Amino acid sequence: MQLFKDQHISIYNSLTGKKELFKPINDGHVGMYVCGPTVYSNVHLGNVRTFMSFDMIFRYLKHLGYKVRYVRNITDAGHLENDADAGEDKITKKARLEQIEPMEVVQRYTVDFHNILNTFNFLPPSIEPTATGHIIEQIELIKNIIDNGFAYEVNGSVYFDVHKFNESHEYGKLSKRKLEDLIHNTRELDGQSDKKNPQDFALWKKAEPQHIMRWPSPWGDGFPGWHLECTAMSTKYLGDRFDIHGGGMDLKFPHHECEIAQNEAAKGETPVNYWMHANMLELNGQRMSKTTGNTVNPDELLSGNNKFFSKAFAPSVIRFFIAQAHYRSVLDLTDDGLLASEKGFLRLMEAINLLDGLTASSASTIDLNAWKKACYDAMNDDFNSPILIAHLFEAVKFINQIKDGKATLTENDLKTLKDTINIFTFDVLGLENVSKTNSGTDKLSAAVDILIQLRQEARANKDFALSDKIRDELANSGIQLKDGKDGTTFSVN
Ligand code: AMP
Ligand code: ZN
């Protein structure tokens, strides 16, 4: 379906602070890079939100007919605990704490990441490169940066010379920071650092003798800097300049700022035409973050096994909840919000399941072309999924009116309605139909409800042996009953 020629997408470019008409470098092709996870622990729902926003964008671009090369990396080395190049490598630290190989840490959490994305119906990216698989490319980049005079070696580590770079380039242009302000705001590192200036950042770090993840380089054994990995992997697969670079808002500085500086210093070319930043997911009003521990993991939300939410939620309900906010808005994950999304999602699915039963008429009383155009306009306007969803709910109204004989559509219009709803709900938003995916969950719920009822009857008859047996056997099958003041609920482990 070659639709892209008729659709004009505008994208909010974080670099310019404006919405801009999207023009890919190569007609009909899009190169998109998104910073992937650092695989040293389970992803939380905040991480999932960011990747989901870009999954939706990938889906929409594909739907329009673009050939998209979507690269999302796995950071499996080099991400230090602290942005000022201090602290341990996150993966090495985890390996030390758990007394396993760093690559076991990487494997465990990469598998976990993929399982979660499958559960939420993500499309796989076109390429998923790892940092450790691109050490040679990173060394080559560092050599270029040194040759161009923007990096220096000290004691086996190589640092990017931010001050030198800023004499001829603009460091801070993405995050709207000025080097002078950074100088005022950066703490001196108590003479512990080899850096000329605290604003400089590591391209290559010398590996101390006990450091397990190490590679030979012209500067001795060491490991690459985190910012450099993304420059190496994005430009290797998408070219020195590509269309879209995405990530969470928290990566704008220093990570993405440093990516720009590295590419300009190595290749004399700014790497990206459209910088896109997804906003943060909060949990009960506070940013979800691994470091503060204010997190909920997807499996805890899916099983209902957590201290924040009243029940379990299906993956598509969570996906729908996330799509109900624009990707650039902060989104607060709350029980009320999820319950409301669940209702809305089920209402949408119920209407979609009525579509096949609707009959066509000889005339249409609804302007379907205007409605379809509004759906595209919403997504063309910087991927405005909440507005798109509002239009899908208009369609729910149409469906119910047609069912009740209060509106009519011709055969053609009815087909347009079905096709458009299906495209946006399933292909673009990536939701899965309740009759398909939730039937298992719904049936389980119904069955457990019957057992809860039987247990209550047993208790009423003072047959405690039976009531305990029901509870214990369910627990043995991984289903926990919880007795509360409003009755008994359950969670699945
Ligand atoms: P990390 O594994 O920490 O490098 O993070 C992976 C991705 O998740 C990055 O793009 C982060 O910007 C993003 N991220 C981290 N915390 C949140 C949050 N609370 N809400 C949305 N995205 C987040
Ligand atoms: Zn990155």
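Placement of Cβ uses the backbone N, Cα and C atoms for every residue, glycine included.
Copied over from TrEMBL, here are the features:
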| type | residues | note |
| --- | --- | --- |
| BINDING | Cys35, Cys230, His255, Glu259 | Zn(2+) binding site |
| MOTIF | 37-47 | motif ''HIGH' region' |
| BINDING | Lys290 | ATP binding site |
| DOMAIN | 374-440 | domain 'Cysteinyl-tRNA synthetase class Ia DALR' |
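Features as recorded by TrEMBL, highlighted on the structure.
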residue : record              : Cβ within 10 Å
Cys35   : Zn(2+) binding site : 24
Cys230  : Zn(2+) binding site : 29
His255  : Zn(2+) binding site : 20
Glu259  : Zn(2+) binding site : 27
Lys290  : ATP binding site    : 16
Integer Å distance between the CA atoms belonging to Cys230 (Zn(2+) binding site) and the residue listed as 'ATP binding site': 21
CB-centroid shell, 8 A cutoff, Zn(2+) site Cys35, Cys230, His255, Glu259, site residues removed: Trp226, His227, Glu229, Thr231, Ser234, His245, Gly247, Leu251, His256, Cys258
Secondary structure composition of the domain 'Cysteinyl-tRNA synthetase class Ia DALR' (374-440) [DSSP: H/G/I, E/B, coil]: 50 helix, 1 strand, 16 coil
Folded-back contacts onto the motif ''HIGH' region' (37-47), same chain, C-beta under 8 angstroms, at least six residues removed: 74-76, 79, 90-91, 93-94, 105-106, 108-110, 112-113, 116, 226, 248, 280-281, 283, 287-290, 295-298, 301, 318, 333
Three-state secondary structure, Glu259 (Zn(2+) binding site) (per DSSP): helix
Reduced DSSP assignment, Lys290 (ATP binding site): coil
Sequence-ordered binding-site residues from Cys35, Cys230, His255, Glu259 with Cβ under 6 Å of an atom of ligand 1: Cys35
Mean of pLDDT values spanning the domain 'Cysteinyl-tRNA synthetase class Ia DALR' (374-440): 93
Cys230 (Zn(2+) binding site) in three-state DSSP notation: helix
Residue distribution over DSSP helix, strand and coil in the motif ''HIGH' region' (37-47): 3 helix, 1 strand, 7 coil
